[in-house]
Amino acid sequence: MVSRRNRTLICISVFLAAWAINVSAAAVKSEHRSGVGHLSVADIEEQLQECPFVEVLNAHKVASSPTTASWTAQIFAFLFPGTPAVNALLATLYISGPPNFLLALCPPNIDPSSLSVMVAFAVGGLLGDTLFHLLPEIFLGEDEHDKVKFVMVEPNKNLLLGVAIMVGFITFVAMDKGLRIATGGGGHDHSHEHSHQHVPVDAKTSGAELTDSSDTLRARKPAASGGITPPPSPLPPSDKEINSSVKLAGYLNLIADFTHNITDGLALSSSFYASPTIGATTTVAVFFHEIPHEVGDFALLIQSGFSKKAAMGAQFVTAAGAFLGTFIGIAVQEFGGSSANASVQSPGLWGTSLQWGDMLLPFTAGTFLYVGTVAVIPELLETGPNKGEELRKTLTQFAAMFTGAGIMLAISWS
């Protein structure tokens with residue numbers, strides 16, 4: 001029979017053993033929880049790939065996916081063979097050089113309204129790149145050909161990405177509004193159609209009024225002075241004032257064009273750091289947009305009194321803005337970090353996994369939304385009195401717009 005003392009010792013031993021087990025389990029649980037909390041998104045993705053079921057899914061994806069690259073992928077690999085920074089600089093060279101050299105083939109008296117079909121094509125490309133490539137990449141990331149992809153839902157992260165898109169949109173609204181105030185309501189239209197219509201009409205109207213007044217004066221003077229016609233009085237310097245205001249609008253347009261090119265550079269750098277495919281498609285969209293944009297700016301400079309050589313030189317100067325924006329984007333990506341970079345261990349923005357480098361792509365998506373809608377769509381909505389001609393023009397514009405969007409869709413369709 002166990003004595004009372006032995007029973008007491010046994011109870012104490014059992015209690016201490018149970019307490020030690022609980023403390024050990026709590027310590028292990030706390031250590032495990034602390035380790036998970038310090039894992040980055042890339043670390044979690046790496047550990048998920050080690051799951052047996054995920055490995056089976058990866059094997060099935062590799063077996064069912066074609067191993068040969070498409071012709072578009074081969075072209076993009078040839079055009080952009082380097083690192084994201086090098087590819088962004090190459091893309092900036094592609095979108096800045098050829099459109100400006102094409103200005104040498106443009107006649108000085110080109111009518112910007114004749115570019116409406118090309119503008120519609122560029123709108124389709126910009127909106128297609130934004131909706132088919134940029135926005136899915138921003139919120140979901142890019143698919144990989146050899147493994148399945150998982151997305152961690154962070155509500156606050158999605159909110160910050162939406163804020164960055166809105167900031168990009170509002171930034172262009174503020175730029176456009178400021179330029180309209182500076183030019184007295186003219187604004188920076190990508191088609192520049194309105195800027196070319198007002199000035200010649202006003203100058204002609206002023207000249208017509210002065211001519212009528214001189215004719216009336218000549219008709220009255222001979223009767224009063226015995227048929228002697230007095231010399232015509234000099235014209236007021238109203239034409240010089242109009243030319244000065246138009247030239248000021250031309251210089252302000254150069255400033256706006258320089259700023260717009262900076263955002264193009266930001267878009268290219270941020271897209272190449274996101275993925276090579278996104279960078280390549282963004283380059284295509286920006287390239288097709290730059291052609292009518294540069295031609296419209298060229299025509300406005302000619303109307304502002306620039307010679308053809310001076311207008312081309314000014315356009316090359318504004319092209320430096322794209323390189324400036326590209327260098328800024330590269331610096332932000334290299335020093336600001338990205339959530340996709342496994343080496344980044346710094347805390348994210350406002351408790352999320354986002355880094356400053358992740359905010360550039362949604363910012364540029366917001367600027368693309370503004371350029372593709374507010375800045376250009378109003379021109380495509382303008383109609384004339386000839387209903388049949390306007391209907392044919394509208395169908396052509398919509399066909400061009402769907403063609404531009406279809407190219408963006410075909411590039412990324414697997």
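Note that the numbers count up from 1, one per residue, in the order the chain is shown.
Just so it is clear, glycine is given a Cβ too, placed from its N, Cα and C backbone atoms.
A quick note: this is a predicted structure, and the numbers were derived from the prediction, not measured.
Per TrEMBL, compositional bias 'Basic and acidic residues' is recorded for 187-201.
Here TrEMBL flags 184-240 as region 'Disordered'.
TrEMBL lists 1-25 with the feature signal peptide.
The transmembrane segment feature in TrEMBL is assigned to 75-95 (among others).
Sequence-distant contacts of the transmembrane segment (115-139), counting only residues of its own chain at least 6 positions beyond either end whose CB sits under 8 Å from a CB of the stretch, comprise 158, 161, 165, 190-191, 271, 274-275, 277-278, 281-282, 284-286, 288-289, 291-293, 295-296, 361-362, 364-365, 368-369, 371-373, 376-377, 379-380, 393, 396-398, 400-409, 412. The transmembrane segment annotation in TrEMBL covers 115-139 (among others).
Taken from TrEMBL, the feature transmembrane segment covers 159-175 (among others).
TrEMBL lists 310-332 (among others) with the feature transmembrane segment.
The list of residues near the transmembrane segment (359-382) in space but at least 6 beyond its ends in sequence, with Cβ under 8 angstroms from a Cβ of it, reads 116, 119-120, 122-123, 126-127, 129-130, 134-135, 137-138, 160-162, 164-173, 176, 189-191, 193, 260, 263, 266-267, 269-271, 273-274, 278, 285, 289, 329, 332-333, 349, 397. What TrEMBL records for 359-382 (among others) is transmembrane segment.
Per TrEMBL, transmembrane segment is recorded for 394-413 (among others).
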For the transmembrane segment (75-95), out of 159-175, 310-332, 394-413, most C-beta pairs under 8 A are with 310-332
